[in-house]
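As written in Swiss-Prot, here are the features:
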type	residues	note
BINDING	HIS87, GLU89, HIS155, ASP174	Fe cation 1 binding site
BINDING	ASP91, HIS92, ASP174, HIS237	Fe cation 2 binding site
BINDING	269-274, 321-324, 356-361	FMN binding site
DOMAIN	263-410	domain 'Flavodoxin-like'
Amino acid sequence: MKAQAKKIGNGVYWIGVLDWDLRTYHGYTLDGTSYNAYLIFGDDKVALIDNAYPGKTEELMARVDDAFAQEGKTGEECKVDVIIQNHVEKDHSGVLVDIHKRYPKAPIYCTEIAVKGLKRHYPNIKEAEFITVGTGDTLELGGKTLAFLDAFLLHWPDSMFTLLVEEGILFPNDAFGQHLCYSKRFDHEIPEHVLMDATKKFYGNLIVPLSKLVLKKFEEVTELGLLEKIKMIAPSHGQIWTDPMKVIGAYSEWATGKCKDKVTIVYDTMHYSTQKMAHEIAEGIMAEGYDVEMFFLHEDERSEIVKSILDSKAIAIGAPTINDEPYPSIGDLMYYLKGLRFERTGIKRKAVTFGSMGGKGGTPASLGKDLGEYGFDVVDTCEVYYVPDEEENKACFKLGQKLVEEAKKI
C-alpha cells in the first residue's frame with residue numbers, strides 16, 4: 001500500500017489512519033474518524049507518537065515510510081528510535097505490537113499506569129523496554145525536546161500529553177479531538193461550523209464528566225508557563241488545530257456550563273399523545289423567546305441529544321408509561337445521562353418531565369426523580385390520561401413557559 005505522510009511542522013509529520021467507514025464508536029454515531037499518529041525527526045532520534053486501531057498497520061506503516069522518504073532517509077536510517085504512547089485505548093495503541101516488532105530496540109515512553117494497561121492489552125509486548133514519565137520529564141531528540149505532562153482521567157487514568165517544545169505543538173491524544181474523517185488535516189481547511197459541531201459532540205459525549213479536571217489542567221498548564229507556548233494542537237482524532245485558543249476557549253465555556261437560551265426536548269411516543277405534549281411545551285418555550293431543539297427517540301440517537309444538552313439551559317424529557325414503567329427507549333438515554341454527570345459543568349440545568357398513561361402511570365414522576373439524582377433541577381412534571389384535551393394542551397404550553405422562567409435564573 002502507498003500512503004502519504006503530511007508535514008505539519010519542521011520535521012514533524014502526521015502519519016495517521018483514515019477510517020472512512022466507521023459509523024458507531026463509543027456508543028454514538030459518526031461519519032468516520034481518523035486515528036492520528038505523528039512522527040518527529042530530531043537530529044539524533046526519531047519519535048513516533050501514538051498509533052491506530054488494530055488492523056490498521058499497513059496504512060500507518062505506509063505513511064511512516066513516506067515520512068522517511070520525504071526526509072531523505074534511506075536504508076538503516078529509516079528507523080524509529082522512541083515510541084511515545086500517550087494513551088492505552090486500542091484506537092491509539094492497536095498497532096503497537098506490530099510497531100515494536102519492526103523497531104524492537106525502541107523503548108516505549110508512557111505513564112506508570114499505562115505500562116500496566118498496555119501489558120494487559122498486549123501480552124506479547126511484556127518484554128519491551130518501558131520508560132515511565134510524567135509532568136516535568138523531558139526527552140531530547142537532538143534539536144527537539146519532548147516535554148511530558150500527566151493528564152490523569154483526561155480521559156483515562158493512563159493518559160498523558162506530550163509537548164514538542166521548540167515547535168509549540170501539543171499532542172494531547174483524545175483531548176481536543178473530533179470524530180471527523182477528511183482528506184484535509186487542518187482546522188481551517190474544513191467548514192468551521194462542521195469542525196466546532198464535531199468538537200462539541202466529542203466533548204458532550206466523552207469529556208463532560210471530566211469538566212472540573214479540564215479546568216484544573218488549564219490552571220496547571222498556565223502556572224507551568226506552557227499555555228503561551230502552545231502554537232498548535234495535534235489531537236488523536238480529527239483536525240489539527242492551528243488556532244489552539246479557539247478550542248481551548250470552547251472547552252473553557254463548556255467546562256464552566258456556559259449555555260445558550262435554549263431548551264432541549266426529548267421524547268418518545270406510542271400513539272402520539274406524548275408527542276402532542278412535546279409540541280405544546282415547545283410552543284410555550286418559544287413564546288418566551290428561547291430556542292428549542294427537538295429530538296424524537298424513535299428517530300434520533302443519544303449522542304446528538306447530549307451534544308444539544310451541553311449548551312442548553314434546560315431540558316424537557318417525555319415518555320408514555322408501558323407495563324407500569326417508562327417507555328424502554330427513554331431508559332437508554334437516562335442511563336447515559338447518569339454517567340455523564342452534567343452537574344460537573346458547574347450549573348444545574350432546569351428540567352421538566354411529561355408523558356401520557358392508560359393505567360397506573362407514573363413515568364413523569366419517575367423520570368423527574370432520576371433527573372434530580374443526575375444533577376438536574378426538576379421544575380415540574382405533567383401527566384395526562386390517554387390523549388391531552390384542550391385544557392391539558394394549555395397546561396403543557398404553560399409548562400414550557402414555566403421552564404423558561406426558571407432557566408432565566410441560571
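Glycine too: its Cβ is placed from the backbone N, Cα and C atoms.
Inclusion criterion for the binding-site residues GLU89, HIS155, ASP174, GLY358: a C-alpha placed within 10 angstroms of the C-alpha of HIS237 (Fe cation 2 binding site); this criterion is met by ASP174. The secondary structure of HIS271 (FMN binding site), as reduced to three states from DSSP, is coil rather than helix or strand. Regional average pLDDT for the domain 'Flavodoxin-like' (263-410) in the model is 97. The sparsest Cβ neighbourhood within 10 Å, among the listed binding-site residues (SER273, THR321, ASN323, SER356), is found at ASN323. It is HIS87 that, of the binding-site residues HIS87, HIS155, has its Cβ surrounded by the most other Cβ atoms within 10 Å. Of the recorded residues, SER356 (FMN binding site) and HIS92 (Fe cation 2 binding site) place their C-alpha atoms 46 Å from one another. Using a 10 Å Cβ-Cβ cutoff, ASP174 (Fe cation 1 binding site) registers 23 neighbours. A 10 Å radius around the C-alpha of ASP174 (Fe cation 1 binding site) takes in these binding-site residues out of HIS92, THR269, HIS271, LYS360, in sequence order: HIS92. GLU89 (Fe cation 1 binding site) counts 20 other C-beta atoms within 10 Å of its own C-beta, drawing on all protein chains shown. For the pair LYS360 (FMN binding site) and HIS155 (Fe cation 1 binding site), the C-alpha distance works out to 43 angstrom.
Of the chain residues outside the Fe cation 1 site list HIS87, GLU89, HIS155, ASP174, ASN86, VAL88, HIS92, TRP156, SER159, ASN173, SER236 have their Cβ within 8 Å of the site's Cβ mean position. Sorting each residue of the domain 'Flavodoxin-like' (263-410) by its DSSP state yields 70 helix, 39 strand, 39 coil. By neighbour count, meaning other C-beta atoms within 10 Å, the densest spot among the binding-site residues HIS237, HIS271 is HIS237.
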